[in-house]
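These notes are about the structure you will find just below.
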Amino acid sequence: MKKRTSFPTRYLIVLLTFFCTCVCYIERVGFSIAYTVAADAAGVDQSTKGIILSTFYYGYACSQVPGGWAAQRIGGRRVLLFSFILWSLTCALVSLDPNRVTILVLARLLVGVAQGFIFPSIHTVLAQWVPPHERSRSVSLTTSGMYLGAAAGMLVLPSLVKFQGPQAVFFAEAALGGFWSILWLKYSSDPPRSEHPKATASGFGETLLPLRSAQKMKVENGGSSTHVTKIPWKKIMLSLPVWAIVVNNFTFHYALYVLMNWLPTYFELGLKLSLQDMGSSKMLPYLNMFIFSNIGGVVADHLITSKIMSVTKTRKFLNTVGFVVASLALMALPRFRTSDGAVFCSSVALGFLALGRAGFAVNHMDVAPRYAGIVMGISNTAGTLAGVVGVGLTGKLLEAAKSTNSDLSSPESWISVFFIPGYLCIFSSVVFLIFSTGERIFD
């Protein structure tokens, strides 16, 4: 009998994936801040800024499904390491010059492609390591790293830009990426197949997952299958519960990416505030996301393990509450003309969106634990397309508003920017209520 370690390996894996998402979002927020400063100094218009800021998402969209496939075939641990090394090297080697548009476009495409492998790989790794009754809080903790990273970036990076220049942000991001890669290489590992023969296919505790009555688990005593399972692409693509996840992923990321990329512009041009002068208040929306994401995970696991609600009802309840409250806050945002009001509304919007992730974002592993990386890749492709559409469209909306209103300081210039994701949140919550399920639907 093997001696048990005091700190289970799966907890270490979850912590490392938490830091992974944290570093990734420091990079994304960092580019938005550094490029905005450099572009404004060079006189770049809002439409061109929107194109450059959205370029990342084209590359990100292209690699989502291939990322899920690669993680399924090669292993999420290896793919994750490759991704980090690639984007970190790109940040270290590329010069941030707004006038060298081609170089910036290619660099952002490459970073997008590299980071597109990350979330499908993470979901593959977590599905292998984490038992079902821990998945809500594990996924919530991992994804909350995004928001802590964004909060840290909003707090620290404007000062770094002010004192060291925009290029310093790239070097800092590359150093963080390299440091995480070393930690992952040293401390991560694959699941112990000899003790858990089905771990790499479905995750620990697979039999705890709820099944449809027509399905039965086929587990042979003392043995395991070594053949490669064929991925049911057609069944996945025609599944309404999968499409419910896809629609909500699109909406979540539309709102998140619009706020993440354009909130600095809203503060500076819409409210005439300086990011440096706002102090720590500018990080509150993302800090709120970090807090609410983990609250959602803990509440979801409690509701399920205490049998207060079924998995299906828990996912639908948290998703609906999160998205409906977020929609109200988004539509109220352009009416608040003070720093405190704008920070409050954006904090409520992002916080409750993060709460909603305990619904749709964990649902990949409910319905398809064996193919969690694949389903995540498909839904995250939709989320990435939301970034392409939302960030680019916002730039065009603001450029049109600027020509109509002469500047961007009036509330009317920003109503369409925030009302679009607000309406999408309401629509998506209805779709999830009707079509989602917490039961396993793929063998």
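Any Cβ shown, glycine's included, is placed from N, Cα and C.
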Original post:
For which of the residue intervals 20-41, 372-393 does TrEMBL record transmembrane segment?
Top reply: 372-393
Original post:
Considering pairs 6 or more residues apart, do the transmembrane segment (51-71) and the transmembrane segment (372-393) have at least three CB pairs under 8 Å?
Top reply: yes
Subject >> Segment proximity, the transmembrane segment (139-161) to the transmembrane segment (283-305), 3 or more C-beta pairs under 8 Å >> reply: yes
**OP:** Please give the sequence-distant neighbours of the transmembrane segment (139-161): residues at least 6 beyond its ends with Cβ less than 8 Å from one of its Cβ atoms.
**Re:** 14, 17-26, 28-30, 33-34, 37, 122-123, 126, 130, 168-169, 172, 260, 275-276, 280, 282-290, 293-294, 296-298, 300, 350, 354, 357-358, 361-362, 365
